[in-house]
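**Student:** If you scroll down you'll find the structure; I have some questions about it.
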Protein chains: 2
Amino acid sequence: MVFYLIGLGLGDVEDITVKGLSIIKKCKRVHLEAYTSILCYGLDKSKLEEFYGREVIEADRTVVEQNSDEILDGADVDDVAMLVVGDPFGATTHTDLVLRAKERNIPVKVVHNASIMNAVGCCGLQLYNFGETVSIVMWLDGWEPDSYYDKIASNMEKGFHTLCLLDIKTKEQSVENMMRGRKIFEPPRYLTCAEASTQLLKIAERKKASGIEPVYNESSPCVGLARVGWDDQKIVYCSLKEMSECDLGPPLHSLILPGHMHPLEIDMLNTFKLNA
Amino acid sequence: MVFYLIGLGLGDVEDITVKGLSIIKKCKRVHLEAYTSILCYGLDKSKLEEFYGREVIEADRTVVEQNSDEILDGADVDDVAMLVVGDPFGATTHTDLVLRAKERNIPVKVVHNASIMNAVGCCGLQLYNFGETVSIVMWLDGWEPDSYYDKIASNMEKGFHTLCLLDIKTKEQSVENMMRGRKIFEPPRYLTCAEASTQLLKIAERKKASGIEPVYNESSPCVGLARVGWDDQKIVYCSLKEMSECDLGPPLHSLILPGHMHPLEIDMLNTFKLNA
């Protein structure tokens, strides 16, 4: 029949579309992508099952990436759905799933939804003025990658805004547990705007120390966004230095480094000024 | 109380979110942005009124841009909503409306939804590899702007994909009707992928004639998307020359000029090959 990829939007059970909900109700099987950012959205399986009035099957990364046939099996005779936080095409994993469905001649339909990629427009910066999106990786004892700096620099030189998606670590195992083969996972960790700003400023210091003038500094403006689309959403417009000391509360956070700003963009950002 | 900006998504009445629908039902007044792309989405007022079971007030461009107080009036004592195709922050007009609400101390809440800006991910090209979005303007007898070429060139040189939004002309008046003050509007017109590709190829020819090697040519790959998110959505991957002769059917169309493509992106695009 049809394999449906259904976007859940920004995190509340009610962010599903009316179309998405009616498809979920009629499908033979409904899978839920359970390994990316689902937990921090507070969207656990039981909440969704209660809202949909039906069973939902959790699919962890191994299933989606290595045993995708488990998800697709039977979709040639019955409707099967896969639920994804945000929009279904935020991650390459789903591209892969679509390709496998097509190989098996299973028709694929997508129910789109909001994702952080378009919802960031709520801060007032215009979406068409964004350059390449970057991912800021969480620094862990000694492992301090900074390859995203070059992308930010390239965007800034062109006057583009840069959306920085912040790292999420879920289902990570300690070295000891991994070695002992124990399926015990560390509590999930989410990079905050404060931590990301601190990393960015350290990278700028290092560039400076090596004789390169960095494209931003402590007083450069930035926008921190937390829990976009939630009732307690928080948007703060301040300097990178201020952001490095700013607590935006629970995850998910995203950070924007603005490029050239138009007057209307600035007017809107000013409504989110720190201590305004 | 609250002024709600509610995204309608990609065009079907059922693309509204469950949250958006329940807010619409409880609001004192519900306005509908009626001047951008609403018509080509087939979302007319009566269809929405039937689906929502309530009255909807059309707001044309003059009202939203010049008499926004008409929309905001009463939102300090009752809930009022404004419905917008796609996500509410696709257009600067809504930023302006939010600023005016904030000036009047009216709390604003946004119900996000999918927009073409994130839904284009369905073709397989990764959203974070897109550079600046451009708008391709419809050429009209002698008026042939080409400023978007430089933005496409800049994206391509960096290896970024370029999403080209295609021009929409609604509620345009003929010179005669405008001079006579007659409120008679021309039928809406939508730039197609074929027309946009033709314009792009003409610009490349002109660059070449003036001694500049253009960043794309007739055999450059492109992706045409029509009616994204609809049941009859069409995606075609072919050369610019082929696209200039390709009929993707009714609006809305969007065109992508890919930059550097990863193997998985190519695998997915190949499933949309012309005559595949």
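Just so you know, glycine gets a Cβ as well, placed from its N, Cα and C.
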**Student:** Given that TrEMBL annotates A:Asp87, A:Gly90, A:Ser115, A:Ile116, A:Leu166, A:Val228, A:His253 as binding S-adenosyl-L-methionine, state which candidate in A:Leu8, A:Leu10, A:Leu21 belongs to that site as well.
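**Tutor:** As annotated by TrEMBL, A:Asp87, A:Gly90, A:Ser115, A:Ile116, A:Leu166, A:Val228, A:His253 share the S-adenosyl-L-methionine site with A:Leu10, chosen from A:Leu8, A:Leu10, A:Leu21.
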**Student:** Roughly how wide, in whole Å, is the group A:Leu10, A:Asp87, A:Gly90, A:Ser115, A:Ile116, A:Leu166, A:Val228, A:His253 that binds S-adenosyl-L-methionine, by largest Cα to Cα distance?
**Tutor:** 17
**Student:** Among the binding-site residues A:Asp87, A:Gly90, A:His253, which sit with their Cβ under 8 Å from a Cβ of chain B?
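**Tutor:** Contact set vs B: A:Asp87, A:Gly90.
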**Student:** For the domain 'Tetrapyrrole methylase' (A:3-243), what's the mean pLDDT in this predicted model?
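**Tutor:** A mean pLDDT of 90 is what the predicted model shows over the domain 'Tetrapyrrole methylase' (A:3-243).
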**Student:** Relative to the Cβ position of A:Val228 (S-adenosyl-L-methionine binding site), how many further Cβ atoms are located within 10 Å?
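**Tutor:** Taking every protein chain into account, the count is 23.
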**Student:** Return the count of C-beta atoms lying within 10 angstroms of the C-beta of A:Leu10 (S-adenosyl-L-methionine binding site), excluding that atom itself.
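**Tutor:** Within a 10 Å radius of the Cβ of A:Leu10 (S-adenosyl-L-methionine binding site) lie 25 other Cβ atoms.
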